[in-house]
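Engineer: Pasting the feature list from TrEMBL:
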ACT_SITE  Asp291  active site, proton acceptor
BINDING   Asn296, Asp308  Mg(2+) binding site
REGION    65-85  region 'Disordered'
SITE      Ser124  site 'ATP'
Amino acid sequence: MRVCCGCWRWAASRASTGAGGAAWRAGAGTGGGYFVCWRVGLLRTLPRAELRLVRVQRCSGRAPLRHNGGMEPNDRSFNNPPRADAGAPAPYAGLTPERVLDALDAVLARGGRRTDGRLLALNSYENRVYQVGIEDAAPLVAKFYRPGRWSDEAILEEHAFVAQLAEHEIPAVPAITLNGHALHEIDGFRFALFERRGGRAPELDDSATLQWLGRFIGRIHAIGRQRDYVARGALDIDTFGHEPRAYLLSSGFVPVELRQAYETISQLALDAVQASFERAGDVRALRVHGDCHQGNVLWTDAGPHFVDFDDSRMAPAIQDLWLLLPGERAQASRALGHVLAGYEDFCEFDSRELHLIEAFRTLRLIHYAAWLARRWDDPAFPAAFPWFNTHRYWEDRILELREQVGALQEPPLWPV
């Protein structure tokens, strides 16, 4: 058995378990594959760490097809209404392999290096990420940032945070600086280069592994407390709750016959989230990883290293801890105890934040649905997430928010 990232439901490996579980899909050219979690929607590659990097078919830039997408025959898909940006080019339509290599060669030439023509698209949807072959050297990883998502200042804040972590020998992967610059641009596409790091998924059922992760996250947060983000904003009930909910209700993605139910239950869920924040009180926000689930931690014999700080924001410390916990409550309590035992070796933890575990889970669910909706004009998304554009998807979202309202009424999880 394997738990989906950020979800308390267990998913059976290599099995399609229907709307309440996870669907297995083969990873092209890898011998492995990945999970699509129907409750949270996160992709988890598995099972071999080196197979996390998979070949993906380049999209043609054509408009997405509106079809059933391989769902069960009784699952009804529906057409989305016209979008305000309908007819606009796909965000990466102009980012051809030739342009990628030209951009990288232009930057690498400053250091006397060049690509060898090999380009492997890695498993990323928000950005475009490539493994790039380098003549007479180890491959590098190039990340092309999604246009319009982050400002230059916000990206540079992320770079500065990760560089600060690396300076303190915390295993994060900083952007490579060439001629004094880590952020580069070509034809409106901003990108950065990173060393390639491999590893396997951490064994989250092992107490020593959990304590080890807790120690490193504690070290990350000890640095994160030293200054605040200015340009990257916060992960809170407004940015991950009210705003994405308003977008979903105004965009026409929720089917008309389910709109009232979604509107009602999402408001009840956010009211319960607000009550959780009030119970927690004035907890401190700091610079956090922001998306610290199992897939963003690569494990080697030397320990973990943390990748993909693209979602780093200001948030309470618990945001980087709850995603590592298993689904069953007793097991989650034990795991939390191990994580905090390591964490508090380097950073004090405010136990009031335990009121926020289910609150942040609820915000993640709402924000994730809105993220898919906002990205639906990117041809990569309908191909990768065909179940999003279905009636069943929204029925499941209503059901899980009802469950979250119940979970938010329970006493907070407590470490043992």
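Positions of Cβ are set from backbone N, Cα and C atoms, glycine also.
Where the annotation comes from TrEMBL, it is an automatic prediction and has not been curated.
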Engineer: What same-chain residues, at least 6 away in sequence, bring their CB to under 8 Å of the CB of Asn296 (Mg(2+) binding site)?
Structural biologist: His289, Phe306, Val307, Asp308
Engineer: May I ask for the distance between Asp291 (active site, proton acceptor) and Ser124 (site 'ATP'), taken between their Cα atoms and rounded to an integer number of Å?
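Structural biologist: Cα-Cα, rounded: 14 Å.
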Engineer: Output, ordered by sequence, the same-chain residues six or more apart from Ser124 (site 'ATP') with a CB under 8 Å from its CB, or 'none'.
Structural biologist: Lys143
